[in-house]
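J.: This structure is in structure tokens; I'll ask about it shortly.
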Amino acid sequence: MNLRELVSALNDFASPSLAESWDNVGLLVEPSPPHTVNTLFLTNDLTEEVMEEAVQKKADLVLSYHPPIFAPLKRVTWKTWKERLVVRALENRIGIYSPHTAYDAIPHGVNNWLTKGLGACTSVPLHPSTAPSSPAEDTHRVAFCADAEHLDAMLSKIKDIPEISCLTTLPVRVEGEEQTRVSLNCSQKALLEVVALLSQNSLLYHKTEILLLQKPPLPYTGMGRLCTLSEPVSLSDIIERIKAHLRLPHVRVAVGAGRTLESPVKKAALCAGSGSSVLKGTEADLYLTGEMSHHDVLDAVANGISVILCEHSNTERGFLSELRDALAIHLQNKINIVVSEKDRDPLQVA
């Protein structure tokens, strides 16, 4: 499968536009074209050990959930391990693609997989995603009425303002007078200029309407999940379910104030990876994530919310097997898909 065709298919599986604005997703390393992909190699973290495994298994493209290139590289030498990853990838004609938070947001992604550890439940995103291209970059709609005396001059000045779209005019009758209804969409920056322009004419300004344009939410898509269990389950039972789902011998637990291990859990908020910012302020019986800061754990406990921490990548890595099967169907079994055997969380209990 041609690399560019494969990247297009991966972007269709989970649009990079769903990723958080701070993230670095998509194709990060591209061998010189044309580049054919026969083997797609899946990993949660692309370490040097995992890269060597990818080379040995003759991978043509590594899909690394976490982007191995995050901070900009000023040079590509043999000095640092991340630079060496790029060198090794290019020397062996291996591309690198990262979906990261795009996979967190999609309905069939990492957070959805994590909810399965709770047992039977329904879930909704904690922070719903919105349609990325509707309505483009416009944030506001402005409408006002003008008579023939002011119309042409006003339209001429408005057309000189950048970041304005969908400018329309419509004849209307206002208080028995023939006027023109002007409507336009604009960015936040352009709105300030439009309002300043209209405020120079009090008659136009008093007839102005400003509407906030909101992008429609995407069903079941977004960051984190708020899960409602079909039946309340004790915290101790939830702990055992999570350990079994993640195949972990141990997890870290903080019991909420006024709660015990036998207290029932009906609502659980979860976020794969580092979930403090996503979970903060959510009303629930339990927070489930990979890692949280000490003070965020204290805040949750003080509010009667128990916390289960599993280490960052342990809440993500198990999704790779499910991803392999989903991508095999999505890609119509056109390529070989392999899951890394060397990928593992850097932390362990000693």
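Quick reminder: no glycine exception, Cβ is built from N, Cα and C everywhere.
The following feature annotations were taken from TrEMBL:
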BINDING   His66, Asp104, His312, Glu316  divalent metal cation binding site
J.: Can you list the residues of the same chain, besides His66, Asp104, His312, Glu316, whose Cβ falls within 8 Å of the divalent metal cation site's Cβ centroid?
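T.: Here the non-site neighbours turn out to be Asn44, Tyr65, His100, Val110, Ala272, Gly273, Ser274, Gly290, Ser313, Thr315.
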J.: Using other CB atoms within 10 angstroms as the count, which residue among the binding-site residues Asp104, Glu316 scores least?
T.: Glu316
J.: Among the binding-site residues His66, His312, which residue has the largest number of other Cβ atoms within 10 Å of its own Cβ?
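T.: Counting Cβ neighbours within 10 Å, the top one is His312.
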